[in-house]
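S.K.: Questions regarding the structure given below will be posed in turn.
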Amino acid sequence: MPPFPQCSTKCGKNAILKRPKTGDTLCKECFFLAFETEIHDTIINGKLFKPGDKVAIGASGGKDSTVLAYVLKTLNERYKYELDLFLLSIDEGITGYRDDSLKTVTRNKVDYGIPLKILSYKELYGWTMDSIVAEIGRKNNCTFCGVFRRQALDRGAVILKVDCIATGHNADDIAETVLMNILRGDIARLQRCTSVITTGADSIMRCKPLKYAYEKEIVMYAYFKNLVYFSTECIYAPNAYRGHARAFLKDLEKIRPSSIIDIIHSGEQLQVKANVKMPERRNCTLCGFVSSQDICKACILLEGLNRGLPKLGIGKSSKAKKIMNLNTDKRNKI
Ligand code: SF4
C-alpha cells in the first residue's frame, strides 16, 4: 500500500495534498497546474489584459501579492500574454511592519526580475501612518490608510503609465466583502465588489486575477513553491468588522468549503433595481483623481489632518463638505 493515495489526475504520482477548494487529492505538480490554470481561465474569461499592456502588480510583500506576481510572470511566459509587468508598492510608513514587508518586495523584484516602484504616504500626503495614528488614535486608522492607499496606487499607476493595476484580492477577501456590504446595506459597493475588473472615470483599470483562488490554496502554493513572503499582521490592524465577517466565513467554510465560491456567485447575480440612486463617478475638483463626490475622500481626510480636525471626513459628510467648499472658494479667489 502506498503511504498516500494516487493523484486524482491519474498522472501516476502519489498525492501529497487535498485541495481545499475541490477536495481533489493531488501531487505537487498537478496542484500547481490546476491552480495556475484556474487563474489563467479567470484572466481569459474576464478579458483582463490585452497584448502589450503595462500591468502594475500591487505588491505588499504578503502571500497574495507575492503569489500573484509569481503566477502572472509564469503565465505571461507560458501563454505569451506579452505583458510588461511592474511591482508597485505603497509605503504607508508603519514602523516594524511595512518597512520589513518592503524588504520582501525588494527581494521579489530581484527573484522575479520585475521592476519595482515604491511610493510613500510621506511623499504623497506629507504624513506617515505612524504620525496619523499618533494624531487620531487607533479607531479610524484603517479608514485613512485604505483611502490613501487606493489613491496612492492610482498615482503610482499614472507615474508608471500602466494600463491596469492587478491586485491580490482572493476569493476569501471577495466573499468577506460581499458579506460586509450586505451587513452594512452598502448597495453601491455590493454591486461592484465581485467585479473582476473595475474602473472609474478616466481612472486606471483594476483587476483581480486571484478572484476565484482560495486563501488556503494560495498559502499552499506559496509553501510548496518556496516563495518568500511576509506574514506578520499590521501593528495597527483592528478592523473588527471585517474580522467578524472573516470568522463567520471561516466557520461556513469548515462546514461547506464551497461557501466561499457560492457567496461570490450570489454577489455576481445580484441586480440593483433601476430606481436605486447610485453614486456617480467623477474627478475630484482638488486633486483630479476619481471620486464619487466633488471633493474626494482622500482630500477631505488630508485637509482634516492638516487643520488639526482629524475627524473631518469620518462619519457624516455634511460638515466636511461645508468646510471643504469654503476652502475651495478661498482657493479660487487667490
Ligand atoms: Fe493600513 Fe489598517 Fe491595513 Fe494596517 S491594517 S495596513 S493601518 S489598512
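Just so it is clear, glycine is given a Cβ too, placed from its N, Cα and C backbone atoms.
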S.K.: Per TrEMBL, which one of I39, I90, I94, I197 shares the ATP site with G58, A59, S60, D64, G168, D173?
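M.R.: Looking at I39, I90, I94, I197, the one TrEMBL places in the ATP site next to G58, A59, S60, D64, G168, D173 is I90.
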S.K.: In three-state terms from DSSP, label G168 (ATP binding site) for me.
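M.R.: Its secondary structure by DSSP: coil.
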S.K.: When the domain 'Cytoplasmic tRNA 2-thiolation protein 1 C-terminal' (282-312) is classified with DSSP, how many of its residues are helical, how many are strand and how many are coil?
M.R.: 10 helix, 4 strand, 17 coil
S.K.: Record lists G58, A59, S60, D64, I90, G168, D173 as binding ATP; longest Cα-Cα distance in Å?
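M.R.: Taking every pair among G58, A59, S60, D64, I90, G168, D173, the longest Cα gap is 20 Å.
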S.K.: Take the domain '2-thiouridine synthetase TtuA-like N-terminal LIM' (9-31) and average the pLDDT across it for me.
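M.R.: That stretch averages a pLDDT of 94.
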S.K.: How would DSSP class D64 (ATP binding site) in three states?
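M.R.: It is helical.
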S.K.: So, three-state DSSP: helix, strand or coil for I90 (ATP binding site)?
M.R.: strand
